[in-house]
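> Structure provided below as structure tokens; questions to follow.
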Amino acid sequence: MDIVLLSRWQFAITTIYHFLFVPVTLGLTLFLALLETCYVTTKRAHWKEPCRKLLKFFGAIFLVNFAMGVVTGIVQEFHFGMNWSEYSRFMGDIFGAPLALEALTAFFLESTFIGIWVFGWDKLPEKLHCACIWLVAIGSNLSAFWILVANSFMQHPVGYAIENGRAIMTDFMALITNPYVIGEMSHTLFSGIATAGFVLLIICCWKYAVDDASREVFLQALKAVSIYLIIGIMGAMGTGHVHTQYLAEAQPMKLSSMEALWETEDPAPFAIVADINQEKRQNDTEITIPGMFSFMLYNKPEGAVQGINQLQAAAEQQYGAGNYIPDVTGLFWCFRLMIACGGAIAGLAFLIGGLAWVKQDWLLKYKYLLALTPFLLPLPFLANSAGWFIAEAGRQPWIVVGLQKTADAVSPNLTPGEVFITMSGFTIVYLILAIIAFYVICRIIHQTTIDTANDEGRAL
């Protein structure tokens, strides 16, 4: 098998595993910080103890998720030396700075204050303890920011010069104010809020349905979580829309591939479904909404969108002969999968949130349906994975757009057998870890009872 393809598969598998946990951490730390702020400032004495128990309950789930994020993230850094040494040689001066800052943020801010928060209950003043979880939330999202700074350079290089065959950083401020990172970070932040909010919504629905003793507490939690989720999913949709409009300028090939738009059109239609023939560079059949894609990009029903064939010709003229078209079929369907999952999450958030706020009797009447909501848990993770596939596969054949091709970035001394063995090993180990983490979280959920009539309660 091709060494480049195997290395890409290995990086993709480990990254998807890692990113199952990252958005939950990003969103859950912020939710815990907001919840503890309510706990510290509430004037309703009868809700103080249930709120504290919810904090410890959600906090236990967060700790398992955070640990998995750390474990699965360690391998990512070694990929650059093991599989992508030519990339590291070319990009080391630029990629190293944000990676080092991410490590400092993660280990000196997140890890320190997570420990203080976990073991500081009843030992620190309430406000100081609350400040600790806020610092964890800030640290988690700062870590994500530094990683996205590096990724944004790969998507849209700025603030650099080429010296002796290597990319050298010339403007650090240009790097961290890259318009691409602004779009990526805002979308990632709201996606994290939506992912964590949806996970919490599922947990609250299930506890409301099956745990009679905890029903009143989890009804109140459901109200708060539904608002948090709605903010997250609407923010993710809004920032995703703005970022997609920016792609028309920054990465038109990725944009047109997401739509399988082979020829320049004005106005450009939005294809609901399409039978894509990448070999012939056309769609054999398609169902479209006329002018809709132009409307999405320009907020009006007209405006030219460049076609893949025209962009391919322009790339050949700029960079030389070669195939500059990414996996159009994969991008097309991942874009629609992401939209469909986001729409389903939004619909469920408004439905359950509305019932929790104004029709609690309906929730109780149809609680057996709430008990089935765990089957919808994959939705945000499918959306996140599809989004990252679009981001990464959409820039192919480049690993750094316009500067280095993926085929030129792989380590020269690797053999297909070595990569296949390590890829198989990582996949099996990560699968075992994911199963263990899922089991532990389910056990925490099952064994936790929060009864407003019982000050002791019971939590793992």
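Every residue number used here counts from 1 along the chain in the order it is shown.
Every residue, even glycine, has its Cβ placed from backbone N, Cα and C.
No curator has checked TrEMBL annotations; they are predicted automatically.
TrEMBL lists 16-42, 54-75, 95-119, 131-149, 189-210, 217-237, 330-357, 369-391, 419-441 with the feature transmembrane segment.
Looking at the shown structure, what environment does each listed feature sit in?
Within the chain carrying the transmembrane segment (16-42), a Cβ under 8 angstroms from the stretch's Cβ atoms is held by residues 48, 51-52, 54-55, 58-59, 61-62, 65-66, 68-69, 72-73, 75-76, 126-127, 129-130, 133-134, 136-137, 140-141, 144, 188-189, 191-197, 199-200, 224-225, 228, 232, 380-381, 384-385, 388, 430, 434, all 6 or more beyond its ends.
Below 8 angstroms of C-beta separation, residues 59, 63, 66, 70, 77, 80, 88, 129, 132-133, 135-136, 138-140, 142-143, 146-147, 149-150, 153, 169, 172, 175 of the same chain, each at least six residues beyond the ends of the transmembrane segment (95-119), sit close to that stretch.
Here the transmembrane segment (330-357) has long-range neighbours at 194, 197-198, 201, 205, 219, 222-223, 226-227, 229-230, 233-234, 236-237, 240, 254, 257-260, 271, 274, 276, 363, 370, 373, 376, 379-380, 382-383, 386-387, 389-390, 393-394, meaning same-chain residues at least 6 beyond its ends whose C-beta is under 8 angstroms from one of its own.
Long-range contacts of the transmembrane segment (419-441) within its own chain (CB-CB distance under 8 A, at least 6 residues past either end) are made by residues 1, 3, 6-7, 9-10, 13-14, 17, 20, 61, 64-65, 67-68, 71-72, 75, 82-83.
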> Please figure out which one of 54-75, 189-210, 369-391 racks up the most CB pairs under 8 Å against the transmembrane segment (217-237).
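Looking only at 54-75, 189-210, 369-391, the most contacts with the transmembrane segment (217-237) come from 189-210.
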> Taking residues 6+ outside the transmembrane segment (189-210), which of them lie with a CB under 8 Å of any CB in it?
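Tertiary neighbours of the transmembrane segment (189-210) are 22-28, 30-31, 58, 61, 141, 144, 218-219, 221-222, 225-226, 228-233, 235-236, 238-239, 342, 345, 348-349, 352, 363, 367-368, 370-371, 373-374, 376-377, 379-381, 383-384, 387, 445.
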> Give the nonlocal contacts of the transmembrane segment (369-391) in its own chain as ranges (CB under 8 Å, at least six residues past its ends).
12, 15-16, 19-20, 23, 151, 155, 184, 187, 191, 194-195, 198-199, 201-202, 205-206, 208-210, 240, 254, 258, 330-331, 334-335, 337-338, 341-342, 344-345, 348, 352, 363
